[in-house]
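Novice: The structure that follows is given in the form of structure tokens.
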Amino acid sequence: MKKKGRNLLAAFRQTFLTLQNMTPQAEAEAELNAASARYSYNPILRWNPQVEDYFIKAYGSLHFAQISKALTRPSCYSCIRVNTLKSTSDAVIEKLQEIMRKSGSQNDVVGINLKENKPSNDIDLDMVEKQSSLQNESITKCQIPGLEYVVFVKGSGPHEIDYGYLPDKPPKEVLVSRKCAEAVLRGAQVYVPGIMACSSHVEEGDLVAVSVAVEQPFPDGGWGLGITRGTVLQGLPTDPYHFERHGLYIGQGTTMLSRAGIFRASQGIAVDMNNRVFKLPSFYDVLEGEIFLQNLPSIIAAHALDPQKGERILDMCAAPGGKTTAIAILMKDEGEVIAADRSHNKVIDIQKLAAELGLTCITTYKLDALKAVRKRNGSSDMTTLCCNKDNNDVVNQRSDSGPLGNGVTSTTFVGSNADTTFKENVSNEKANERTYTSKADIRKNTRRMRNGPGRNQSLGGRVENSKGFLPNSFDRVLLDAPCSALGLRPRLFAGEETIESLRNHGKYQRRMFDQAVQLVRPGGVLVYSTCTINPGENEALVRYALDTYKFLSLAPQHPRIGGAGLVGRCEFPDGYVEEWLRPGEEELVQRFDPSSQLDTIGFFIAKFAVGPKDDI
């Protein structure tokens with residue numbers, strides 16, 4: 001210990017003498033180098049210490065460090081699913097190229113490497129090499145058999161940005177919240193509600209550096225932002241989060257409002273991001289109805305379910321509807337896809353997406369996944385319940401929202417009449433508005449515009465409430481379970497999750513799985529997926545399923561481009577033991593690693609074949 005102290009003291013003395021002997025030119029160069037390191041993007045993802053130890057046990061120290069770094073960056077490409085009922089990949093590629101030419105968008109090409117995982121039986125080496133040979137194109141069609149309708153649009157980054165720093169004259173700066181920054185890294189603009197602080201004397205049209213305020217540990221053991229919105233940044237060490245912002249600059253943009261306007265307005269774009277650390281094309285309002293932006297593993301999950309024409313399929317936690325619509329398209333819109341979610345507003349979103357894509361086989365319900373099974377001897381109030389016209393094994397109840405409850409006929413937003421129906425309902429809503437608006441309502445509406453729709457702030461549509469479904473009433477069930485979402489990227493903070501919260505996620509998912517397994521008929525298929533890297537929500541759930549339900553078995557997945565699952569177990573300091581996969585099972589699941597050359601989000605897929613059941 002004494003030797004270490006002497007070494008540190010010697011190093012300090014050497015540094016001090018070096019600084020004393022530096023020429024003015026060397027001092028200026030050192031200052032610019034320090035500024036270059038500060039005005040860069042090099043985030044370090046912070047975890048709860050116990051959670052970090054757990055993941056290091058699961059992945060190893062080096063691998064987990066690579067995963068953490070990958071999570072702080074977006075994928076280098078956008079993945080687009082083409083609606084094959086309306087268009088083709090070749091037609092979409094041609095249209096996108098024309099749009100990019102007209103907009104003058106030129107992306108630095110970064111290759112998409114599909115060679116990281118050993119190709120399985122359904123992906124041969126010739127195909128993989130062919131995919132790799134296309135990596136000099138900015139827009140390419142996926143070469144994996146069965147996924148030719150998937151299109152990759154490549155982006156680039158991270159880029160070094162000159163923020164215009166001069167000694168004693170730091171650039172004008174805007175400090176945004178972490179969630180705002182994560183959206184900007186995915187290609188969004190900086191909106192007014194996301195700005196936390198700003199330099200003084202910022203006027204409309206100024207060029208500003210955009211930095212991020214990431215949650216910091218509090219003395220009570222929690223995390224948070226100890227900053228008041230509207231704080232003035234002076235570019236000095238006394239600024240809030242001055243040192244914490246080091247290496248957390250995400251780009252440069254032009255202000256659309258003055259400083260005063262930014263903190264007075266409740267909505268709108270505050271900074272037009274024209275120089276980004278990561279450059280990804282935006283697809284907002286582009287080819288609506290023909291394409292859908294979706295992560296590659298999510299598309300693979302729909303394929304793993306292998307839906308067939310004429311089947312009855314349940315998507316238990318369907319919002320926002322990406323996998324639901326992918327399933328419907330794979331079925332050629334022939335059959336019945338039930339999309340359920342417990343959120344009224346999210347069900348509305350699914351309806352709108354189905355209408356936009358022109359899908360008519362999707363029926364939506366508001367339903368808590370923990371109450372998905374309806375017992376055969378259950379009683380129902382027939383004055384408020386109505387039966388599904390095609391199936392007598394589901395009980396539904398109307399759910400009204402706002403003024404639409406005044407005698408408006410319930411309509412599902414699917415098919416060609418969806419837009420018309422929605423406009424009619426909006427007209428009815430406006431007709432029933434009050435002529436007088438109180439100050440309290442004005443304040444409430446202002447908060448809604450600032451914060452977005454809340455749990456009790458309905459979007460104003462109608463959905464059907466379901467009382468659940470009878471056991472064995474579906475050919476296939478997809479349970480894309482709510483999870484800790486620790487595989488989503490970019491992510492700049494992960495400290496909110498604790499060992500206890502991760503275990504609670506696992507308990508919640510097991511309860512949903514208990515419901516899902518009852519709804520699949522013998523001979524059917526159940527697919528379980530999550531967007532997390534947590535083995536407790538992935539491999540541990542598979543272990544629970546196989547040990548609890550002997551009629552379940554892991555089934556091969558096609559296509560298979562993800563990696564193998566984790567084998568073994570983890571023992572916690574409190575004595576709790578978490579069992580994962582056993583040897584031979586790891587190749588039957590797909591684990592998508594964000595640090596792999598596939599460059600996807602973290603994701604997990606398990607496919608179960610359902611054998612003959614006993615009464616459950």
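Even glycines carry a Cβ here, placed using N, Cα and C.
Just so you know, TrEMBL annotations never went through curation; they're auto-generated.
What TrEMBL records for this protein is below:
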ACT_SITE  CYS531  active site, nucleophile
BINDING   CYS317, ALA318, ALA319, PRO320, GLY321, GLY322, LYS323, ASP341, ASP368, ASP480  S-adenosyl-L-methionine binding site
DOMAIN    224-611  domain 'SAM-dependent MTase RsmB/NOP-type'
Novice: Give me the CA-CA distance between CYS531 (active site, nucleophile) and ALA319 (S-adenosyl-L-methionine binding site), in Å, as a whole number.
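Specialist: So the Cα of ALA319 (S-adenosyl-L-methionine binding site) lies 14 Å away from that of CYS531 (active site, nucleophile).
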Novice: Within the domain 'SAM-dependent MTase RsmB/NOP-type' (224-611), what mean pLDDT does the predicted structure show?
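Specialist: Mean pLDDT for the domain 'SAM-dependent MTase RsmB/NOP-type' (224-611): 84.
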Novice: What count of other C-beta atoms do you get within 10 angstroms of the C-beta of CYS531 (active site, nucleophile), across all chains shown?
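Specialist: So the number of other Cβ atoms within 10 Å of CYS531 (active site, nucleophile) is 24.
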Novice: Using all protein chains in view, find how many other C-beta atoms are within 10 Å of the C-beta of GLY321 (S-adenosyl-L-methionine binding site).
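Specialist: So the Cβ neighbour count for GLY321 (S-adenosyl-L-methionine binding site) comes to 26.
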Novice: 10 Å Cβ neighbour count around CYS317 (S-adenosyl-L-methionine binding site)?
Specialist: 24
Novice: Could you tell me the maximum Cα-Cα distance in Å between the residues recorded as binding S-adenosyl-L-methionine, namely CYS317, ALA318, ALA319, PRO320, GLY321, GLY322, LYS323, ASP341, ASP368, ASP480, rounded to a whole number?
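Specialist: In whole numbers, the farthest two Cα atoms are 19 Å apart.
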Novice: Least buried of the binding-site residues ALA319, LYS323, ASP368, going by other Cβ atoms within 10 Å?
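Specialist: ASP368, out of the binding-site residues ALA319, LYS323, ASP368, has the fewest neighbouring Cβ atoms within 10 Å.
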